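Asker: Next up is a structure, given as structure tokens.
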Amino acid sequence: MTDKHNKKYVVALDQGTTSSRAIVFDRDANVVSQAQREFAQFYPQAGWVEHDPMEIWATQSSTLVEALAQASIEHDQVAAIGITNQRETTVVWDRHSGRPIHNAIVWQCRRSAAICAQLKRDGLEDYIRETTGLVTDPYFSGTKLKWILDNVEGARERARNGDLLFGTIDTWLIWKLTEGKVHVTDYTNASRTMLFNIHSRDWDARMLEVLDIPRSMLPEVRNSSEVYGNARIGGVGGGELPIAGIAGDQQAALFGQMCVEPGQAKNTYGTGCFLLMHTGDKAVKSTHGLLTTIACGPRGEVGYALEGAVFNGGSTVQWLRDELKVINDSFDSEYFATKVKDSNGVYLVPAFTGLGAPYWDPYARGAVFGLTRGVKADHLIRATLESIAYQTRDVLDAMQRDAGERLRALRVDGGAVANNFLMQFQADILGTRVERPVMRETTALGAAYLAGLACGFWSSLDELKSKAVIERVFEPECDEPRREKLYAGWKKAVERTRGWDDGEL
């Protein structure tokens with residue numbers, strides 16, 4: 001790009017589960033402006049979740065225009081657009097009209113559970129894990145796509161005739177931004193569909209046959225950092241902007257944290273927790289209940305990671321606030337937790353919806369252990385925060401065993417990282433330093449970095465690493481005997497919650 005030195009900004013489109021955002025970054029990776037719009041959630045039946053793809057497009061395209069207008073930025077000052085998105089959510093549309101044939105089926109939606117059960121009965125569970133790196137679960141796109149083709153009248157015939165297209169949200173947005181000229185996805189999003197062979201890096205013929213999905217529906221799969229096409233944008237003067245970066249939200253956060261080498265890991269502390277550890281160019285098969293997924297290498301090329309999800313993180317603090325009403329605000333939890341020197345032997349296991357990685361026990365249920373008359377609300381609040389750190393260690397221990405890599409440091413992002421007590425206890429229970437960055441918008445930043453590298457806005461990974469400023473490092477302050485004693489108590493508590501809901505209570 002001949003005029004790249006005249007460009008001042010990169011825009012990240014961050015399409016999430018509840019809102020669409022656009023964030024403008026300057027050359028120093030500072031946020032210049034941002035816009036956000038929420039959209040409707042639809043729950044047609046228990047366990048079903050849908051979005052309107054046209055509303056996603058409307059909110060995302062308007063935030064792009066708003067963010068540029070907010071800072072009086074003209075399109076010719078923007079080097080590129082990067083896209084990061086909620087993963088697995090599935091859209092099917094008519095290639096001629098551009099209209100979706102059904103609402104988007106969201107990653108949380110469980111409607112394809114019966115399809116997954118049939119895949120297991122057919123003995124495909126091991127094949128799916130070996131080939132795609134995933135577990136056989138409705139979470140992923142493949143069975144959602146099959147459900148749409150099976151349940152929308154005429155969809156199967158239209159798909160076989162080449163009239164329908166499939167995409168995750170990144171693909172849908174790029175199709176709309178390029179006015180139907182470009183039908184692509186990146187390797188990180190493709191690896192979440194349960195249709196993609198992460199070793200050959202191509203759509204898997206056997207999975208397509210099993211689920212009866214025509215290959216003609218599927219997008220071209222490209223690297224996470226390259227120019228895919230030009231976005232037509234509205235606003236003053238209109239214009240075109242190159243779309244030059246794509247990554248699923250968790251992989252984008254991993255790249256935004258500059259975790260691009262084996263053993264580097266990040267944890268996003270949100271409602272739940274998402275942990276990813278980079279494993280370099282090696283797809284590590286997990287024997288400890290983790291997913292093997294594609295991540296971004298140093299220049300946006302294919303790398304691999306292990307991924308584990310904790311179901312209840314920040315949601316556990318919300319439970320203290322909303323149901324038990326022992327705090328008025330989530331931020332208060334740090335104050336009360338530090339009023340006592342320890343949890344007084346109390347362990348809270350927040351298995352409200354079962355346990356995620358590495359246990360994968362849907363029948364576990366939440367419990368509090370170690371209650372005595374000496375236990376106060378402050379102890380329970382402290383035990384609740386500690387449970388987030390313990391669950392994180394569960395996943396990281398599994399990652400280190402699978403990868404044969406020692407965790408160098410844990411990089412953190414998400415809302416709960418503002419809690420200094422939690423971050424310090426996390427370092428203590430891991431025996432590893434925890435690094436909290438100045439820039440908290442790591443997901444959007446990752447998408448911006450990928451786009452900026454592709455178009456020459458940033459020249460190298462070293463340049464990006466120089467911008468990754470750590471606001472605070474939490475060093476372990478707990479000696480090993482105490483650390484292991486505390487963690488042994490947690491493991492004992494978790495074991496007592498396993499298999500609790502046997503259907504007889």
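Backbone N, Cα and C define each Cβ position, glycine as well.
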Asker: According to Swiss-Prot, Arg87, Glu88, Asp249, Gln250 bind glycerol; which one of Tyr43, Tyr139, Tyr304 is annotated to that same site?
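Answerer: The record-listed residue among the candidates is Tyr139.
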Asker: Can you find which of Thr63, Thr268, Thr271 Swiss-Prot lists as binding ATP at the same site as Thr17, Thr18, Ser19, Gly314, Gln318, Gly415?
Answerer: Thr271
Asker: Find the one among the binding-site residues Thr17, Arg87, Gln318, Gly415 whose C-alpha lies closest to that of Gln250 (glycerol binding site).
Answerer: Arg87
Asker: Around the glycerol site formed by Arg87, Glu88, Tyr139, Asp249, Gln250, which additional residues qualify by having Cβ within 8 Å of the site's Cβ center?
Answerer: Gln86, Trp107, Arg192, Gly248
Asker: On the Cα atoms of Thr17, Thr18, Ser19, Thr271, Gly314, Gln318, Gly415, which are listed as binding ATP, what is the maximum pairwise distance in Å?
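Answerer: Those residues reach a largest Cα separation of 20 Å.
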Asker: Between any two of Arg87, Glu88, Tyr139, Asp249, Gln250, the residues recorded as binding glycerol, what is the biggest Cα to Cα distance in Å?
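Answerer: So the binding residues stretch over 15 Å, Cα to Cα.
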Asker: CA-CA, which of the binding-site residues Arg21, Gln318, Asn419 lies nearest Asp249 (sn-glycerol 3-phosphate binding site)?
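Answerer: Closest candidate to Asp249 (sn-glycerol 3-phosphate binding site), judged by Cα separation, is Arg21.
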Asker: Measure from the CA atom of Tyr139 (sn-glycerol 3-phosphate binding site) to the CA atom of Gly415 (ADP binding site) and give the result in Å, rounded to a whole number.
Answerer: 24
Asker: List, in sequence order, those binding-site residues among Thr17, Ser19, Glu88, Tyr139, Gln318 whose Cα sits within 10 Å of the Cα of Thr271 (ADP binding site).
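Answerer: Close binding-site residues: Gln318.
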Asker: Name the residues of the same chain, 6+ apart in sequence, whose Cβ is under 8 Å from the Cβ of Gln318 (ATP binding site)?
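Answerer: Long-range Cβ contacts: Thr271, Ser330.
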